[in-house]
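Accompanying notes for the structure given below.
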Amino acid sequence: MESPSATHPTDPGPADDGSTDDGPTGTSSPDTWRATDIDWDAAGIETELGWSLQAVYQGFSRVAQGAVAPVPGGPRGYQVLVAITTEDASSQLALAHRLGIDKTAMTYVVDALEGAGLVERRPDPTDRRVRQVHATKAGRALLETARRDLRAVEGTLMRGLALDEQTLLRHLLARVALGADQVEACVPAAETQTSSNQPVAAPDRSRRTTHPTSRD
């Protein structure tokens, strides 16, 4: 299957004036693409939600790796740090469910974070058989740095959008994501397929303890 990044919508483009701002002749630069660059009536591949999500995810994965590389566990380790610093203390099992990570894989991620001194396991004060995962001062500091670097590369990925459009995209995508774990309930059983991936759980707002750093 051809990668989404291999195909882009095109327009006639301006006359060649020797400028190197745009891509190949007849192709708009990602910095200048607008809705008018897409022929919605033709219903091409770029109008498909699945293709768009895959293309964005692939682009994000490529540019985000460096931002989260200092965090043990990479993207998963980063998500764990975000969750435990913005919500009430959680057990390792609860974190696995919350983030859609296999519980065995979560053990390795938390072990790596703990080994680096970024988190620590503490007994749950209400049930000492359960251990909660807490961020250390070093973990919070690393998260702040990684989050700042990640915001920068996210801005690069969305460079074709105005700032207000970037904010709107974040808000709309977050709303869609919050309902994604319940999508099967809205689709007839015959039209769904069982996946080995554990769905990401919507956050429990009653557990939110602080206001996360703005992503706008």
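Each residue, glycine too, has its Cβ placed from N, Cα and C.
Just so you know, TrEMBL annotations are computer predictions that nobody has curated.
Listed in TrEMBL:
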REGION    1-35  region 'Disordered'
COMPBIAS  9-32  compositional bias 'Low complexity'
DOMAIN    46-178  domain 'HTH marR-type'
REGION    189-216  region 'Disordered'
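Per DSSP, the secondary structure of the domain 'HTH marR-type' (46-178) breaks down as 93 helix, 18 strand, 22 coil.
Across the residues of the domain 'HTH marR-type' (46-178), the predicted structure has a mean pLDDT of 94.
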